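Record features (Swiss-Prot):
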type     : residues                                                                       : note
BINDING  : Gly43, Val44, Ser45, Gly46, Gly47, Val48, Asp49, Ser50, Thr151, Lys180, Ser202 : ATP binding site
BINDING  : Asp49, Glu156                                                                  : Mg(2+) binding site
BINDING  : Arg131, Lys164, Asp171, His262, Lys263                                         : deamido-NAD(+) binding site
COMPBIAS : 277-286                                                                        : compositional bias 'Basic residues'
REGION   : 257-286                                                                        : region 'Disordered'
Amino acid sequence: MAVNYKVSLDDVVDIDYNGVRQAITQFLRKYLEASGASGYVLGVSGGVDSSLALALAVDAVGSGRVTALIMPDREVTPERDVEDALRLVRSFGVEHAVIDISPIVMVYISALPIFEDEEKDRVPVGNLRARIRANILYYYANKLGKLVLGTGDRSEYLIGYFTKYGDAACDVAPLTVLYKSQVRRLAELIGVPRDIAYKPSSPRLWKGHEAEAELGLSYNEIDVILYSRFDLKIPWEEIPRATGLERAKVERVRLLHEASSHKRSPPASPDLGEIKKHYKQHAGKK
């Protein structure tokens, strides 16, 4: 496939944000009504994704049906994140609670004989933090009769930048249709303060954790590459020429996508047809 045009971030973000807002809020409203649940519960970190998810949920079903949980770990979460999260939940007028997960994390790692130290176990302990937050969200959802609202975006979904059964655990995922760069613009439009809408992204799974530093390229670059591949259907090998981005960066995104395919799939199991070949015939069947 010969690519005779240039793809830029302008192409990615050139969408009807008011139309997108209406479509997502209508989806959230109808889904909740069909489920019979009483509302939505979500984690709010003070970052752009959870801020937009909160704003859309309130827009869709009203502040009285939304519960926000702020779940810092005092060992790794900057105070500014907690302050930003509190500023948001108060401005949207939703029921909320601040739950420090650090004591829970400490109980886990003190009980695990395989644990060595925070530095050597940085990634598994970081993912443990995400899974603890998911457990708390589902506890609240179960107790309050609500659905867990996911906050991950399409960029993170396609490159697997999330914790399996952690921040990906949810009943509804309204933002997996939007790239990070689109999320930022919609967030600002819907009323999220600009300093939060454009705050550098971080899962805060360990001290000093910054998303773009870990990934090795910016979300703007990631979005242009993903948009080229999955929306414009440009082959991976043609994307450097179409975007002007380094081949190494395109290859990095391709590898992230392919290596994380298991995160976007249900658990693997043996083929049922093969197993049924070994079934015994029912008694009396002729």
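Placed from the backbone N, Cα and C atoms, the Cβ positions cover glycine too.
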Largest inter-residue Cα distance among Arg131, Lys164, Asp171, His262, Lys263 [record-listed deamido-NAD(+) binders, Å]: 19
Long-range Cβ environment of Lys164 (deamido-NAD(+) binding site), under 8 Å and at least 6 residues apart: Asn127, His262, Lys263
Positions whose Cβ lies under 8 angstroms from the region 'Disordered' (257-286), at least six residues beyond its ends: 157-162, 164, 168, 226
Proximal residue to Asp49 (ATP binding site) among binding-site residues Arg131, Glu156, Asp171 (C-alpha distance): Glu156
Inter-residue Cα distance where the pair is Thr151 (ATP binding site) and Asp171 (deamido-NAD(+) binding site), in Å: 11
Which listed residue (Asp49, Glu156, Asp171) has most other Cβ within 10 Å, given these are binding-site residues: Glu156
Thr151 (ATP binding site) and Arg131 (deamido-NAD(+) binding site), Cα-Cα, nearest whole angstrom: 14
Cα-Cα distance linking Glu156 (Mg(2+) binding site) and Gly47 (ATP binding site), given in Å to the nearest integer: 14
Spatial neighbours of Thr151 (ATP binding site) that are distant in sequence (at least 6 apart) but have CB under 8 A: Leu42, Gly43, Ser45, Asp49, Ser50, Leu52, Ala53, Asp167, Cys170, Leu175
Cα-to-Cα gap, Ser202 (ATP binding site) vs Glu156 (Mg(2+) binding site), nearest whole Å: 12
DSSP-derived class (H/G/I helix, E/B strand, else coil) of Glu156 (Mg(2+) binding site): helix
Candidate with sparsest Cβ neighbourhood (10 Å radius) among Arg131, His262, Lys263, the listed binding-site residues: His262
Ser202 (ATP binding site): tally of other CB atoms within 10 A of its CB: 21
